[in-house]
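Student: Below you'll find the structure I mean.
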């Protein structure tokens, strides 16, 4: 979804030499991961809670009376596609992402200069303040200001938390713990949907729904005070002794010299590039494939239409005549499918590769969008706003198929792949670019979807299906497989690609030539050593 956040990807060739018991996995790592992962709950809870409260009559009556009046009209006198079309209602949803995009322009610099832990602390305070304002909102302005503060908090958290998890995780389990952030987002969504279902009949239940967003913020706030800073951040900022002590604490052993040396070497390399230099490198011809692919994946992730579904699915079902409690229950079912499918991604991403999941997910999402459009186009023309329960159940099943496809493909991979193709030179700017573009298009979709549905009717689902076709072809023809690719070989991987090699021009050809020379030297060494595998030949 807007779901997720940047994932730091670091490849260490000596990781197999660290020799930690159980690969470095221990109870302390679990506590660190669970506490820091509450940053994902912040994001997920906000995504999940928004659509539910906008379908609650008390909320609409207080802040959006014109929409409330439309919902009370007889079913045969209202247009099911336009009942909730209102720019102010869409601003309530989308202002969150506009604020997150603004923060992302400088969040990378704050994370690098101040550290991951202080950034998480600031993010949790901002989110807590936003939750408080929303819970106590007396008018639309107060509501939107609260949403902006929530966006500031998530914008900072999405830049810091995944990086924190990655740098604390043992190398052997780094990929799995990185994906845990996306899992936390999906859990946050379903928790919010369950809260909405429970508060729908309460007096001012929407206040409780919005206010409970403060719970994960409090967890992250306490965790930010108690958890250690990451070894990488401490070492980058010149605190090597403290960095080694934290590393030993995380690994539950003093035998951390090899990993400590690797972190020091990586930190030394990364500090060679300021954030300004990182942005300059990203926009150079040599790294233009990373810029284009990162930006397109971030944009296309939102053009799947997932956030339109997650934000507005209760509104969608309510518009088609489903009872409010049933509409909210449908969101819980969709949220459960979202969580289950994310587990599929965690366990299959390193088995089937990134391209395989992208392609399968694209085909499945396309089918889901087209079938949804066809069913609504036929059935709404026949029944208006009183869809039969069997038809509503069929739409729910198709949406679940679509959401599952997203959750094991474009959801987590939309963040993972951009992180894997960033070199040391471009990492800071590249991941900021991913967040900025993602939040920008989340804002656009959030602000436009209800108006698009009113204007395009069932065709809005074909609009997103068309984009799914484009992104699937993009993956097939333009995206190299990044599974297991060391970060230092990423530019060469793009230089060998049929399209990106042309984009990189002379720089790309030079990289390929250097790689061929290196390989030729390795082969020559193996031949001279008397063995094809590079080991000394045995005496006969």
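The backbone N, Cα and C atoms fix where each Cβ goes, and this holds for glycine too.
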Student: Choose the correct range: of 436-456, 499-519, 520-540, which one does Swiss-Prot annotate as transmembrane segment? Give that range.
Tutor: 436-456
Student: Quick check on residue 489 and residue 351: does Swiss-Prot annotate them with the same topological domain, i.e. the same side of the membrane?
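Tutor: Same domain label for residue 351 and residue 489.
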Student: Looking at 208-228, 229-249, I want to know which stretch Swiss-Prot calls transmembrane segment.
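Tutor: Spelled out, Swiss-Prot records transmembrane segment over residues 208-228, not the other listed ranges.
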Student: Out of 148-168, 208-228, 397-417, which stretch touches the transmembrane segment (30-50) the most, going by CB pairs under 8 Å?
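Tutor: By the under-8 Å Cβ criterion, the transmembrane segment (30-50) pairs most with 208-228.
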Student: Give the residue counts of the topological domain 'Extracellular' (51-90) per reduced DSSP state, in the order helix, strand, coil.
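Tutor: When I sort the residues of the topological domain 'Extracellular' (51-90) into the three classes, I find 24 helix, 0 strand, 16 coil.
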Student: Check the transmembrane segment (297-317) against each of 148-168, 208-228, 436-456, 459-479 and return whichever range has the most CB pairs under 8 Å.
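Tutor: When the Cβ pairs under 8 Å are tallied, 436-456 comes out ahead.
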Student: What does DSSP give as the helix, strand and coil breakdown of the topological domain 'Extracellular' (198-207)?
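Tutor: Here the numbers are 5 helix, 0 strand, 5 coil.
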Student: Excluding the flanking five residues on each side, which residues at least 6 beyond the ends of the topological domain 'Cytoplasmic' (112-124) place their CB within less than 8 Å of a CB in that stretch?
Tutor: 36, 39, 42, 152-157, 159-161, 163-164, 167, 217-218, 220-221, 223-225, 227-230, 233-234, 236-237, 275, 428
